[in-house]
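The next block holds one structure in the form of structure tokens; read it before the comments.
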């Protein structure tokens with residue numbers, strides 16, 4: 001009788017031990033799954049090293065401050081990660097879109113290629129003070145806007161408006177490649193259009209609103225430098241966008257003068 005009770009006690013202990021192992025394993029697996037797939041990255045410095053060049057991050061563009069950078073609110077897992085029903089997503093304030101009237105000067109300039117960019121509708125206002133990743137679009141350089149009293153480059157406003165029109169308030173994918181000297185995440189960008197997914201860097205080059213990045217430090221192309229240079233050449237030969245100017249000062253030359 002004692003032997004049977006002892007065996008039963010041993011069986012209970014073994015079962016309890018196995019259950020404990022299963023629960024521990026499940027907890028560890030759940031934690032690893034959460035940290036790998038569902039934990040939000042709240043700034044560029046918080047991106048794990050294992051993510052660079054290997055993983056795409058999904059999220060929403062909450063602000064566009066220049067022609068080649070923006071703020072990205074990471075939404076890991078998307079709908080399945082609870083965003084929009086368990087976890088709140090930032091809502092951007094809408095802008096009342098009013099058709100822009102052309103004054104006499106604009107009428108004289110009607111055929112300037114920049115008009116098609118200036119007149120693009122921007123639906124949302126930037127939303128700041130959020131836990132976002134500051135993103136620098138890889139492989140390209142857009143014309144410089146006015147900084148510290150210095151004049152803006154031609155087509156800098158057009159590049160900004162086009163970028164706001166394309167991605168502000170929208171969801172897209174980024175692949176982190178590096179962190180630049182300003183603490184921004186240099187990344188490849190893919191965003192959805194009615195024609196399918198597009199490479200944001202490539203689209204800017206096709207529109208003539210950026211040129212291939214000239215800097216020697218932190219030059220990142222996501223493996224697409226040849227494609228970028230080919231489409232820069234096409235835009236230049238067709239005098240599209242910024243290439244329509246008689247004399248073009250590159251963003252790199254502009255910055256070297258400051």
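Heads up, the Cβ atoms here are built off N, Cα and C, so glycines get one too.
Pulled from Swiss-Prot:
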{"type": "TRANSMEM", "residues": "12-34", "note": "transmembrane segment"}
{"type": "DOMAIN", "residues": "55-245", "note": "domain 'TNase-like'"}
{"type": "ACT_SITE", "residues": "136", "note": "active site"}
{"type": "BINDING", "residues": "141", "note": "Ca(2+) binding site"}
{"type": "ACT_SITE", "residues": "144", "note": "active site"}
{"type": "ACT_SITE", "residues": "184", "note": "active site"}
Count of other CB atoms lying within 10 Å of the CB belonging to residue 184 (active site): 19
Segment confidence, the domain 'TNase-like' (55-245), expressed as mean pLDDT: 91
Cα-Cα distance linking residue 184 (active site) and residue 141 (Ca(2+) binding site), given in Å to the nearest integer: 14
Cα distance (Å, whole number) from residue 136 (active site) to residue 144 (active site): 14
Residue pair residue 136 (active site), residue 184 (active site) - Cα distance, angstrom, rounded: 6
